[in-house]
Amino acid sequence: MTILNHTLGFPRVGLKRELKKAQESYWAGNSTQEELLNVGRELRARHWQQQQQAGVDLVPVGDFAWYDHVLTTSLLLGNVPERHQNADGSIDIDTLFRIGRGRAPTGKPAAAAEMTKWFNTNYHYMVPEFQQGQQFKLGWTQLLDEVDEALALGHKIKPVLLGPITYLWLGKVKGEQFDRLSLLNDILPVYQQVLAELAKRGIEWVQIDEPALVLELPQEWLDAYQPAYQALQGQVKLLLTTYFDSIGHNIDTIRALPVQGLHVDVVTGHDDLAVLNKNLPKEWLLSLGVINGRNVWRADLSSWFERLQPLVNSRPLWLGSSCSLLHSPIDLNEETRLDAEVKSWFAFALQKCAELALLTQALNAPNDAKLAELAAYSAPIRARRSSSRVHNAQVEQRLAAITSQDIERQLPYEARAETQRKRFNLPAWPTTTIGSFPQTTEIRGLRLDFKQGRLDGKNYRTGISEHIKHAIAEQERLGLDVLVHGEAERNDMVEYFGEHLDGFVFTQNGWVQSYGSRCVKPPVIIGDISRPEAITVEWAKYAQSLTEKPVKGMLTGPVTILCWSFPREDVSRETIAKQIALALRDEVEDLEKAGIGIIQIDEPALREGLPLRRADWQAYLQWAVDAFKLNAAVAQNDTQIHTHMCYCEFNDIMDSIAALDADVITIETSRSDMELLESFEDFAYPNEIGPGVYDIHSPNVPSVEWIEALLRKAAQRIPAERLWVNPDCGLKTRGWPETRQALANMVLAAQRLREEQV
């Protein structure tokens, strides 16, 4: 039996972030909708061709999205919140953008949909909204249109569709509460209609993604799979697709389903392939996700060959990426500045396609020449194990010497809070921001000129100093209580720190999509991590010299740096996090010596790092909390430690949030209408909290009354004396006009509430 290969999805944004640029041009009114649609067509055609040329047998169609693939599925099903609907009930691309951003070139602005993390990745999806009795219909034919495009170009394709149960699982009920699973029978007819349309086009296989099957689902959700897939069978062959973890705990449900194939992630998952092979129906195709879609490391193809060869001819087999290549940069060949040895350790999306092709060829026709090719390809990643670039004896010794005293503050929170109140004398409802201010074209140009050698260090520092001075002056004028320096010197909250730590390397074009048009360029952790010199002290000290008000020192926490980087795979995540924590612990100490009394250690990714299965949570939370405390505990009692978290469901990890022992935690809550505070109320969270009062991901400016109402809602759950007032997140992606207006309204809302207390 010939083995075929396929990818589960491909990066959408383009090698030069063409999609991002086209989206933002269209949103700004600088280009037409047709010009935007043309960019999408060109990117899809290029990406299909690139995969085919790299040796991929079946290219995915339906993985492209204008904003997010879950949002695309919502539109496919006609699930558009009433506030975003067109007057005539039609659905167009601006409908999609209004749901994602809150506004579009046409239609009335309205609050954007909630956004949260896609499983345990750094990609974000738009949360589907459900209401009792809502109707579903095929409302958006993007998938079918793109299938027609790909077929017209002569590609062998495999359409990709987010499965119905995972779709419902990912959504939220709005308004009157009910069981969203009860909507299953309402959405299945749309899925049937889509599959029928695909069958008409001669499609043989459809990849139907059900990553919820790696979770510990409630029994009623597991029970729903059988009738759902009974309703979907018969029109095309269904490849039930899972990723991000193992499926062994749900195998009884899976193997009883009326599907024709199963894809499993054997990179992240730990399913025994021999047992899995034995337990599945003999006629099923088994697709093995052997090439890591979430990291940048070259695969050891010789090892994979040895592991997979016993399965050849046991059943129909495909080889695939572990998950969509969405999470990987596109092309390593674009990286012209990487050291040759380090570059030889990496593979980006196109190289991963070539890896699939090479491994498939070797398994289909194993001969000495092919095995030698596998060995030659795998040699660099094997040689890395003994590279001096990877190991630092001093770091390893310091890590081994950590004691329990190193991770505890000197005094408990209540005693620290008293010393901090005396030091800072802040008003009730203290106002602050999360850290960054708008990254203007001028700021980005300044950094780029410095990076490319067109600007010397002295003039660069002068330019950055001017932007910091401007940010401090703006905050003083607005009347904020605790200021920030604005982070003009930082391109990205993780990349900036990685650039100043040993053990990291950086790419030129290693962009991956975070959400919508937002792309990030994660650093790669290649070895042991240390801090050669202070990173943030110069700018924090300068900013503090400009004002009598406290200025926060701003650090990205160890768990977030780990989660938002491509990590090394030869040591545990715990080891990496604690190495980063030790490096940043020294930074906390240096900031204190420079007179900085409030230090924020951002951990927006803390929850995102959770394993997908609860059985594995406790071990992760223990070392994640310890890493944060190792970073922070060197601070003196009158130094106020803040932390910030994003997109979190906190109720199931409140013990660990409290265990961080941060003096103040700021969280994103505005999109969820403060419902996240219920977790803190139920837990009786003891420290101070800054619930975000407006959504910085939307350009809409909140009114004073809106902010005041949210703060009143917050005060019903948290004592007012422990509440701070702040936006949801950093302001780097916003413009100055809306930033000024929103912050002015926020400060005024806080002042009104203070006046009531007098």
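Glycine is no exception: its Cβ is also placed from the backbone N, Cα and C atoms.
Worth saying up front: this structure is predicted, and the values here are computed from it rather than measured.
As recorded in Swiss-Prot, the features of this protein are as follows:
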ACT_SITE  H697  active site, proton donor
BINDING   R17, E18, L19, K20, K117, R518, C519, W564, E608  5-methyltetrahydropteroyltri-L-glutamate binding site
BINDING   I434, G435, S436, E487, D602  L-homocysteine binding site
BINDING   I434, G435, S436, E487, D602  L-methionine binding site
BINDING   H644, C646, E668, C729  Zn(2+) binding site
> Is any of the binding-site residues K117, H644, C646, C729 within 10 Å of I434 (L-homocysteine binding site) (Cα-Cα), and if so, which, in sequence order?
Replying inline: H644, C729
> Looking only at Cβ atoms, how many others are within 10 Å of the one on K117 (5-methyltetrahydropteroyltri-L-glutamate binding site)?
Replying inline: 21
>> What does the structure give for the C-alpha distance between K117 (5-methyltetrahydropteroyltri-L-glutamate binding site) and C646 (Zn(2+) binding site)? Integer Å is fine.
In response: 9
>> Validating a neighbour-count step here. Other CB atoms within 10 A of the CB of E608 (5-methyltetrahydropteroyltri-L-glutamate binding site): how many?
In response: 23
>> Around the L-methionine site formed by I434, G435, S436, E487, D602, list the extra residues of the same chain whose Cβ is within 8 Å of the site's Cβ centroid.
In response: T433, V484, M493, M554, Q600, H644, C729, G730, K732
>> For a quick check of packing: other C-beta atoms within 10 Å of the C-beta of the residue listed as 'active site, proton donor', how many?
In response: 21
> Max Cα-Cα distance in Å among I434, G435, S436, E487, D602, the residues listed as binding L-methionine?
Replying inline: 14
> Since the record lists R17, H644 as binding-site residues, which of them has the fewest other Cβ atoms within 10 Å of its Cβ?
Replying inline: R17
> E608 (5-methyltetrahydropteroyltri-L-glutamate binding site) to C646 (Zn(2+) binding site): how many Å between their Cα atoms?
Replying inline: 9
> What binding-site residues in the list R17, L19, S436, D602 lie within 10 angstroms of H644 (Zn(2+) binding site), counting C-alpha atoms?
Replying inline: D602
> By a simple count, how many Cβ atoms lie within 10 Å of the Cβ of I434 (L-homocysteine binding site), its own Cβ left out?
Replying inline: 25
